Structure formats: structure tokens, C-alpha cells
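**Student:** The structure follows.
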Amino acid sequence: MAFLALGINHKTASVDVRERVAFTPEQLVEALQQLCQLTQSREAAILSTCNRSELYIEHEHLGADSILAWLANYHHLSLEELRASAYVHEDDAAVRHMMRVASGLDSLVLGEPQILGQMKSAYAVAREAGTVGPLLGRLFQATFSAAKQVRTDTAIGENPVSVAFAAVSLAKQIFSDLQRSQALLIGAGETITLVARHLHDLGVKRIVVANRTLERASMLAAEFGAHAVLLSDIPAELVNSDIVISSTASQLPILGKGAVESALKLRKHKPIFMVDIAVPRDIEPEVGELDDVYLYSVDDLHEVVAENLKSRQGAALAAEQLVSVGAEDFMSRLRELAAVDVLRAYRQQSERLRDEELSKAQRMLANGSNAEDVLIQLARGLTNKLLHAPSVQLKKLSAEGRVDALAMAQELFALGEGSTDKPPQ
């Protein structure tokens with residue numbers, strides 16, 4: 001049995017590649033089914049966020065190259081282009097990687113908590129698609145437990161930092177007084193919710209939430225005293241917006257150069273600060289060419305993020321140790337499970353032989369045989385039957401020169417150096 005974790009992330013691939021390899025929520029079930037068909041496995045999950053796209057697979061039949069080829073073909077990339085950015089982890093390394101990801105140790109923002117929720121969503125989607133079996137199910141549960149322990153036992157979650165926090169921190173650097181600024185937030189997901197919370201806590205003058213559905217926008221707006229509008233209202237809202245932060249799941253840009261250019265004219269070229277957190281991007285890159293626009297992508301947030309990480313570096317060392325212990329413990333328990341079927345079959349065979357010898361002894365007693373003689377024969381018969389198959393196999397292994405197997409058998413039967421001593425009289 002083999003586990004495989006492969007994919008790309010913010011450290012190995014540019015935003016251009018990441019947005020091309022991202023899965024939409026609507027694609028996930030179909031992609032999972034294709035993946036399981038390819039690997040001849042019933043167990044697979046896909047984690048796709050703005051910073052990473054990863055496949056988690058239990059497999060026996062295919063190597064990583066075949067799965068990478070499927071991923072490249074699915075997203076219409078050349079295999080060479082994908083391979084240049086991809087990483088592959090197997091078995092113990094795959095388990096450790098998943099636990100590091102869920103704990104926020106592999107995130108753009110060290111220790112950020114959102115990734116655990118995204119990992120749980122990936123697990124839920126895979127379960128709904130019927131592609132999580134007992135092995136991958138155990139791995140996800142162990143991963144969640146490890147991430148929880150990291151949060152509980154280390155300070156990695158203190159001094160909150162995230163992509164959302166980094167975006168707001170950058171806005172603070174550009175606008176000295178956020179209380180006089182107006183913000184337009186595009187989207188209504190988890191990241192935008194965090195952005196809204198940070199801006200609200202900083203006392204931003206006015207917040208507008210634009211979303212595909214007014215109902216979802218209104219729910220988020222109500223939480224922070226903001227205003228809700230539809231995506232179609234964005235051009236009008238741009239005129240009054242000093243800060244624009246966008247994070248949707250749209251496959252096409254929502255905000256283009258023309259709309260921003262028109263808004264700037266009406267604003268008399270008062271600057272607009274924009275952060276596009278989405279992958280694929282919500283804001284056309286050409287918008288950044290405008291003189292009075294400060295446009296940042298996810299990749300541009302690295303420097304801001306670095307300033308907020310210093311307090312977490314020490315905690316990360318302790319977290320890495322917890323993850324290593326968790327991964328080792330999981331693999332140890334998994335290997336123990338591999339012996340369960342063998343032990344069950346051996347026990348059933350032993351019980352069958354016991355019952356045969358016991359029935360024979362009971363018949364002898366019923367026929368008047370001496371009880372002591374019956375017990376001796378029962379013990380001798382049971383011993384001979386239990387040792388017959390192992391004896392035959394050991395002689396065969398010895399004839400074949402399998403010294404390693406003989407040494408393993410000695411360990412299996414706990415035959416120490418003193419095992420040949422005569423029993424006490």
C-alpha cells in the first residue's frame with residue numbers, strides 16, 4: 001500500500017502556473033473520479049487553494065509520472081511545464097507533508113489557520129464523491145489531530161497573520177489613516193471575511209461587499225456594518241473606493257483596465273490600492289499599468305508576510321517536532337494494521353486445529369481412556385499440528401539458503417540464545 005502527495009504551491013510555481021492548475025469547486029467530483037479510475041484506486045482527494053493544488057492518493061499501480069501526466073492533461077499544460085514546478089512525496093514523506101500543510105507549516109503565511117479548514121473541505125468533498133476509503137480516511141483524521149495538537153501545544157497561532165492580514169497591513173502602509181478610507185471587497189468567502197474583520201477592527205470609514213449573489217454579500221455585510229452590492233455594481237462603487245481587495249472563485253477576470261480607468265477619471269486620479277488574492281486572478285494584470293493604481297497579487301505579499309512571521313519562527317521548530325512524531329506514529333499504526341489479516345487467519349487456523357484435537361480427546365475420554373494419557377496425547381497432537389506448516393516452510397527456506405528469513409523466523413518465534421536449554425526437571 002502506498003500514499004502519494006503531489007502538486008504545486010506558492011514556493012514552486014508562479015501565480016500564472018497556479019491559476020492554470022487550480023480546480024474549481026464544480027470540477028472536483030469529476031476530477032476525483034477520473035483520478036481514481038486512472039490509479040485503479042478508490043481513494044483520492046484534491047486540495048486546491050490560491051496557493052496550492054495538491055493530490056492525495058492511495059495507490060499501488062501507478063507511479064507519480066502517470067499522475068502528473070493526467071494533471072497536466074486535465075489542465076491543458078505541457079507535462080514538462082508542470083514537472084518543472086511539481087513536487088512528489090511518497091509514503092512516510094507524504095504523511096508528513098499533509099500534516100505540515102494542515103498545520104500551516106508549509107503556508108505562505110507560517111501558521112495561518114485557514115489551510116486546516118480548506119483541508120477539511122477537501123476531505124468532505126472527497127467523501128461526498130465516494131473517493132475516501134479506510135486508509136485515506138485514517139490519514140486525514142490523523143492529519144487533523146496533528147494540526148490540532150500543533151495549535152494547542154505551540155504558539156504558532158499567536159499574533160495572527162494571514163494573506164488577508166498581510167493585505168490589510170499593506171493598506172495601512174499606504175494609507176496613514178484608514179478611518180478616512182473606503183474599501184470595496186469583492187467576494188464573500190473565508191478570505192474576504194477575514195479582510196472585512198481586520199478592516200472593521202481598524203475602523204475603516206466605509207466597507208462595501210460585492211458578490212455574485214446579493215444574499216451572501218448581505219450576510220457578510222451585516223456582520224461588519226458594511227454595504228452589500230452585486231458584481232455588476234462594481235464600476236459605480238470603484239469611484240468611491242480607496243481600497244479594493246478581491247478574492248473570488250471566478251475563472252475570468254472581474255475587474256478590467258477600462259473600468260478602473262473610468263473610475264480614476266471620476267476620482268480625479270486619486271490613488272486606488274488594490275490587492276488581488278484570487279487564483280485565477282480577479283483583476284486584469286494590465287490594471288497595474290495605470291499611474292494611480294497600486295496593484296498587488298498574492299505573490300507580492302511575501303515581504304509583508306515576512307515582517308509578521310518573526311514571532312512564529314521559534315514555535316515552528318516545536319511544531320515540526322510534533323508533526324514528525326505524528327507522522328511516525330501514524331505509519332507505525334498503519335504497518336501494525338497490515339498484520340491484522342495475517343494474525344486473524346493464523347488464529348482461525350490455530351483454533352480449528354485446537355478444536356480437532358479437543359474433539360479427539362473428548363472421544364477418547366468417553367471411551368474410557370486414561371485421563372493423563374489423553375492429556376499428554378492432546379498436548380503432543382496440538383503441538384505437532386501447530387508446528388507442521390512452519391517446520392515445512394523453514395526446511396524449504398533453509399534449503400534455498402534464505403538466511404535472512406531464518407533469522408526473521410527466530411525473531412518471530414522469540415527464540416533467544418537460551419531457547420535450546422533443557423527445561424527444568
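Glycine is treated like the rest: Cβ placed from N, Cα and C.
Annotations per Swiss-Prot:
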type	residues	note
ACT_SITE	Cys50	active site, nucleophile
BINDING	Thr49, Cys50, Asn51, Arg52, Ser107, Glu112, Pro113, Gln114, Gln118	substrate binding site
BINDING	Gly187, Ala188, Gly189, Glu190, Thr191, Ile192	NADP(+) binding site
SITE	His97	site 'Important for activity'
**Student:** Would you mind reading off the Cα separation of Thr191 (NADP(+) binding site) from Gln118 (substrate binding site), to the nearest angstrom?
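**Tutor:** It is 11 Å, counting Cα to Cα.
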**Student:** Which of Gln118, Ile192 (the binding-site residues) has the most other Cβ atoms within 10 Å?
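**Tutor:** When each Cβ's neighbours within 10 Å are tallied, Ile192 leads.
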**Student:** Determine, to the nearest whole angstrom, how far the Cα atom of Cys50 (active site, nucleophile) is from the Cα atom of His97 (site 'Important for activity').
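**Tutor:** Cα of Cys50 (active site, nucleophile) to Cα of His97 (site 'Important for activity') measures 18 Å after rounding.
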**Student:** If you measure Ala188 (NADP(+) binding site) to His97 (site 'Important for activity') at Cα, how many Å is it?
**Tutor:** 30
**Student:** Might you list, by sequence position, any residue in that chain lying six or more from Asn51 (substrate binding site) with a Cβ less than 8 Å away from its Cβ?
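**Tutor:** Set apart from Asn51 (substrate binding site) by at least 6 residues yet with Cβ under 8 Å, we have Asn9, His10, Arg18, Ser107, Leu108, Val163, Val279, Val298.
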**Student:** Around the NADP(+) site (Gly187, Ala188, Gly189, Glu190, Thr191, Ile192), what further same-chain residues have their C-beta within 8 angstroms of the site's C-beta centre?
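**Tutor:** For the NADP(+) site, the extra neighbours are Leu185, Thr193, Leu194, Val195, Leu220, Ser247, Thr248.
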**Student:** Inside 8 A of the center formed by the CB atoms of Thr49, Cys50, Asn51, Arg52, Ser107, Glu112, Pro113, Gln114, Gln118, which other residues of the chain have their CB, for the recorded substrate site?
**Tutor:** Gly104, Leu108, Val109, Ile115, Val163
**Student:** Using a 10 Å radius around its CB, how many other CB atoms surround Pro113 (substrate binding site)?
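**Tutor:** By my count, 17.
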**Student:** I need the CA-to-CA distance for Ile192 (NADP(+) binding site) versus Thr49 (substrate binding site), whole Å please.
**Tutor:** 14
**Student:** Near Glu190 (NADP(+) binding site), which residues of its own chain have a C-beta under 8 A away, given they sit six or more steps off in sequence?
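**Tutor:** The list for Glu190 (NADP(+) binding site) reads Gln114, Gly117, given in order along the sequence.
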